[in-house]
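Here is the structure we will look at, set down as structure tokens.
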Amino acid sequence: MINVAPSVLSADFTKLKEEIDTLEGASWLHYDVMDGHFVPNISFGYGILGNLRKVTDKFIDVHLMISDPAFYAPKFVEAGADLVNFHVEAMDSVEETKALLKQIHDLGAKNGITIKPGTSVEAIKPYLDDVDLVLVMSVEPGFGGQSFKESALDKIKQLAAMKKDHHYVIEVDGGINAQTGQLCKEAGVDVLVAGSYVFKNPNRKEAIDSLL
Ligand SMILES: O=C(CO)[C@H](O)[C@H](O)COP(=O)(O)O
Ligand SMILES: [Co+2]
């Protein structure tokens with residue numbers, strides 16, 4: 001079964017609750033956190049997540065694009081994240097990474113590990129037994145509205161082939177529309193993040209349905 005996770009980054013923030021209410025058919029919400037350091041953009045933090053948590057029962061998937069996930073991840077769990085994923089490129093050691101994955105679980109949320117387009121699946125092999133989700137970036141993190149990079153497809157296929165020995169779900173993020181979403185589904189993805197494709201369509205249900 002495919003889940004669609006609309007990325008709040010592309011929503012109209014002046015009416016966030018109404019925007020969320022239009023997302024019929026999507027059981028997840030994707031919440032992109034950018035610190036202006038790990039990526040050259042700044043989005044929103046755990047305060048706004050706390051507000052969002054009060055107005056939706058959707059499964060909130062927090063994507064941390066920040067340099068210090070170990071410090072901030074617990075704050076996002078506390079604010080109501082259902083899942084917190086962070087970039088392997090932001091971590092200094094395997095020990096530190098495993099400790100943060102465990103801490104997120106101990107705090108009661110699901111965890112995930114994320115790779116940029118230039119990072120291979122090899123880099124996250126040490127964590128595949130410890131994660132609930134692997135996020136494959138199909139654009140350089142930092143901005144919505146970019147074009148899908150086909151190099152993500154091979155990584156999804158590799159992760160899908162290894163999935164039988166592990167328990168993670170595979171998510172893809174960046175440049176997803178009906179066409180690229182179909183390619184990802186054929187490659188074995190479980191969760192499609194879609195920002196501009198969903199929020200730029202006046203008929204949100206139609207956009208979400210075209211991805212399912
Ligand atoms: O993590 C992200 C950017 O770093 C966003 O989740 C992603 O870009 C979604 O936007 P779009 O679907 O418009 O590409
Ligand atoms: Co994202």
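Start at 1 and count along the chain as shown; that gives each residue its number.
Glycine too: its Cβ is placed from the backbone N, Cα and C atoms.
Within 10 Å of the C-beta of Asp32 (active site, proton acceptor) there are 24 other C-beta atoms, taking all protein chains into account. In this structure, Asp32 (active site, proton acceptor) is part of a beta strand by DSSP. Annotation comment: TrEMBL describes Asp32 as active site, proton acceptor.
The active site, proton donor feature in TrEMBL is assigned to Asp173. In three-state terms derived from DSSP, Asp173 (active site, proton donor) belongs to an extended strand segment.
Residues near Asp173 (active site, proton donor) in space but far in sequence (CB under 8 A, at least 6 apart, same chain), listed by position: Ser7, His30, His63, Leu135, Val136, Met137, Ser138, Val139, Val193. Residues or ranges marked as substrate binding site in TrEMBL: Ser7, His63, Gly142, Phe143, Gly144, Gly145, Asp173, Gly174, Gly175, Gly195, Ser196.
DSSP assigns His63 (divalent metal cation binding site) to a strand in the three-state reduction. Residue environment of His63 (divalent metal cation binding site) contains 27 other Cβ atoms, counted within 10 Å of its Cβ in all protein chains. Taken from TrEMBL, the feature divalent metal cation binding site covers His30, Asp32, His63, Asp173.
Annotation: Gly142 are the binding-site residues among Gly142, Gly175, Ser196 whose CA atoms are within 10 angstroms of the CA of Asp32 (active site, proton acceptor). Considering only the binding-site residues Gly142, Gly144, Gly175, the Cβ with the fewest other Cβ atoms within 10 Å is that of Gly142. Listed in chain order, the residues near the substrate site other than Ser7, His63, Gly142, Phe143, Gly144, Gly145, Asp173, Gly174, Gly175, Gly195, Ser196 are Leu9, Ser10, Asp32, Val139, Gln146, Val193, each with its Cβ within 8 Å of the site Cβ centroid. Cβ environment of Ser196 (substrate binding site): Ser10, Gly144, Gly145 lie under 8 Å away, each six or more residues apart in the same chain. Of all the Cβ atoms in the protein chains shown, 28 others lie within 10 Å of the Cβ of His30 (divalent metal cation binding site). Neighbour count (other Cβ atoms within 10 Å of the Cβ, all protein chains): 23 for Ser7 (substrate binding site).
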